[in-house]
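Copied from Swiss-Prot, the annotated features are:
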| type | residues | note |
| --- | --- | --- |
| TRANSMEM | 7-27 | transmembrane segment |
| TRANSMEM | 38-58 | transmembrane segment |
| TRANSMEM | 67-87 | transmembrane segment |
| TRANSMEM | 95-115 | transmembrane segment |
| ACT_SITE | Asp116 | active site |
| TRANSMEM | 125-145 | transmembrane segment |
| ACT_SITE | Asp132 | active site |
Amino acid sequence: MRFKNRLFWIAAFIAFFVDQLTKYWVVQTFSLGETLPILPGIFHFTYVTNTGAAFSLFSGKVEWLRWLSLGVSLLLIGLALLGPVLERWDQLGYGLILGGAMGNGIDRFALGYVVDFLDFRLINFAVFNMADSFISIGIVCLLLASLQKSPDSHHRSR
C-alpha cells in the first residue's frame, strides 16, 4: 500500500514539531511575562499564556476550544486517511492546519492554556505562537488552492 497524501503528513509533523519545540524553549528560557526585544519596539519574544484561540480571540473559553482542536484534528486526519488524494496546495494547507491544531490542542488539554511568545509591537498585535502561524499559513495555502481550481463553467463553450 502506498502512503497517501504524503505532503499532508510531512507538513503536519513539521508544524507540530516546530510549534512544540519553540514553546518548550520559551517555557525553559523565560519567566512568565518576560520579554526579549529582538527588534526593539517592533518585534519581541514575550512569554504569555492564552486561554483563548488564535491571537487571543475567545479568551477564557479553553474548555470548548480544546474539544474544537481535537475535532478539527480528527476531521483532518480522517480526510487524509479516508478521503481522496489531495492536490499539493490542499495537502500543504490541511497539514499545516493539523499541525497547528494539534500543537495548541495538546497545550489546552495538558496545561489548560496555550503558550504564546511572538510579539509584533509595531502593529500592536496580539501575542501568538507558531501553531497560530501555521494555521494562518495553512488557510492561505487553501485559498491559493481554490484560486488555482477553475470552475467547470469556464470550460464550457459559449
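Even glycines carry a Cβ here, placed using N, Cα and C.
Only residues 6 or more beyond the boundaries of the transmembrane segment (7-27), in the same chain, are considered here, and those with a CB under 8 A from a CB of the stretch are 45, 47, 76, 80, 86, 88, 91-92, 94-96, 98-100, 102-104, 106-107, 115, 117, 129-131, 134, 138.
For the transmembrane segment (95-115), the list of distant contacts is 7-20, 23, 26-27, 47-51, 54, 62, 65-66, 69-70, 72-73, 76-77, 80, 129-135, 137-139, 141-142: same-chain residues at least six beyond its ends, Cβ to Cβ under 8 Å.
There are 24 other CB atoms within 10 A of the CB of Asp132 (active site), with all protein chains counted.
Cα of Asp116 (active site) to Cα of Asp132 (active site): a distance of 9 Å. In the three-state DSSP reading, Asp132 (active site) counts as helix. According to its DSSP assignment, Asp116 (active site) is in a strand. A sphere of 10 angstroms centred on the C-beta of Asp116 (active site) encloses 26 other C-beta atoms.
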